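Only one structure is covered here, and it is reproduced in the block below.
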């Protein structure tokens with residue numbers, strides 16, 4: 001189906017009366033704001049147990065809980081996250097990216113309201129379960145929607161806003177719990193969902209999803225609202241239409257010849273390669289101990305500083321602040337640095353920090369003379385938080401919305417996000433066992449070795465996606481990274497580009 005371009009006079013009328021009121025970047029930021037705030041609620045869910053459990057375990061608490069009940073409250077939110085990721089991927093494919101966000105915002109608000117009104121142990125569990133499920137639901141749609149609605153030049157920094165929001169959400173939950181009771185803190189968290197819902201109401205549906213459903217006119221309208229009418233945007237939309245028509249022809253041909261090997265999009269290289277890449281990326285991120293450090297930050301701070309008088313809330317807020325600042329730095333770096341060099345720098349820095357932390361913790365705990373150098377362990381701990389926060393933590397979430405073809409983006413992002421939470425559960429479950437068997441220093445040595453192996457594997461398989469359109473990324477996985485690079489160079493030389501470097505729109 002061929003889309004006729006509107007006349008130039010109509011373009012000028014639309015631009016002067018609607019589009020020019022806000023720049024395309026401002027409209028893309030507006031569209032990304034809803035998913036980013038929803039991601040902040042996911043961070044609040046992760047950080048809420050740290051302020052909920054101490055208040056419930058206070059001597060004067062109206063609702064007293066046992067240690068076993070406390071462990072269930074803490075684990076009830078991560079329990080449904082993996083299932084929520086699968087449901088989120090299926091929901092956004094069936095109902096659309098925008099509708100999926102509206103539904104999960106309502107789900108999040110219900111969970112927070114149940115927590116704020118909870119007066120018994122089962123009600124707290126119910127609220128934690130609903131917020132945990134909603135946390136899984138937001139994983140796939142947030143990254144995919146931002147990737148499909150943003151310009152390639154700004155996609156990296158907007159996608160990094162998701163991990164920045166998660167870190168900020170943890171900090172906000174801890175701040176709310178520091179100054180308010182847990183019921184009031186839960187109510188304040190629910191207010192964010194109202195803002196996210198209203199922002200999604202005024203944002204358009206994903207053009208890629210509309211185009212895949214055959215709604216060409218709606219897709220063009222949504223794309224123009226987001227990107228304007230400049231020549232580069234016209235060219236990108238025309239490429240999207242051509243790509244969709246090509247996929248439709250291949251699908252029709254596959255239906256005629258049911259024995260064709262490539263009839264299923266889930267058996268093609270452009271789906272299997274990004275799936276394997278992200279599975280390795282998420283496993284490397286989780287098994288480098290990122291959540292272990294978050295969960296046991298207070299105990300680790302006491303071990304590294306060697307002081308029992310450390311204020312627990314202050315230590316928690318210090319670690320949260322370092323994580324937020326690092327996430328902000330990651331947003332800036334993703335705007336100017338490619339995915340591959342950032343991943344390699346983060347992986348190497350994380351490995352060195354973990355191994356260095358392991359060595360100095362061993363000397364500090366085994367040899368009394370070295371206890372005066374405890375500040376070196378603290379330096380390695382802070383450098384670990386910084387290095388893992390600029391690359392290994394945000395990059396897989398950013399690339400979840402970039403690397404899959406539109407036909408398989410829902411299931412692909414759901415599977416990889418779900419695998420991340422499975423690894424998350426495995427790391428948290430095995431962490432105390434490792435601490436007990438090989439000690440804290442041995443545990444960080446294990447994580448350092450895993451980080452090194454994962455970084456080496458990513459060096460081999462991780463492609464560069466910075467400043468590329470989603471169609472170019474799909475083609476890159478179809479051809480293979482080396483073949484795609486050779487095709488770019490040969491195409492640039494044929495076009496007479498200086499130094500053989502291809503210019504990417």
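From the backbone N, Cα and C atoms, a Cβ is placed for every residue, glycine too.
Because TrEMBL annotations are produced automatically, they should be read as predictions rather than curated entries.
In TrEMBL, the feature transmembrane segment is placed on 434-462, out of the ranges 231-259, 434-462. Looking up the ranges 410-428, 467-485 in TrEMBL, the one annotated as transmembrane segment turns out to be 410-428.
Two recorded stretches are said to be in contact when at least 3 C-beta pairs lie under 8 angstroms, sequence spacing 6 or more; the transmembrane segment (434-462) and the transmembrane segment (72-90) fall short of this definition. Outside the transmembrane segment (375-398) by six or more residues, the chain places 139, 143, 156, 159-160, 162-164, 167, 278, 281-282, 284-285, 288, 290, 293, 300-301, 303-305, 319, 322-323, 326-327, 329-330, 333-334, 339, 342-343, 345-347, 349-350, 353-354, 356-357, 360-361, 364, 416, 420, 451 with a CB less than 8 A from a CB of the stretch. Long-range contacts of the transmembrane segment (72-90) within its own chain (CB-CB distance under 8 A, at least 6 residues past either end) are made by residues 45-46, 48-49, 52-53, 56, 65, 100, 104, 124-125, 128-129, 131-141, 410-415, 417-422, 424-425, 428. Take the transmembrane segment (29-52) and the stretches 102-119, 182-203, 313-334: counting Cβ pairs under 8 Å, 182-203 has the most.
Counted over residue pairs separated by six or more positions, the transmembrane segment (157-176) shares at least 3 Cβ pairs under 8 angstroms with the transmembrane segment (313-334), which defines the two as touching.
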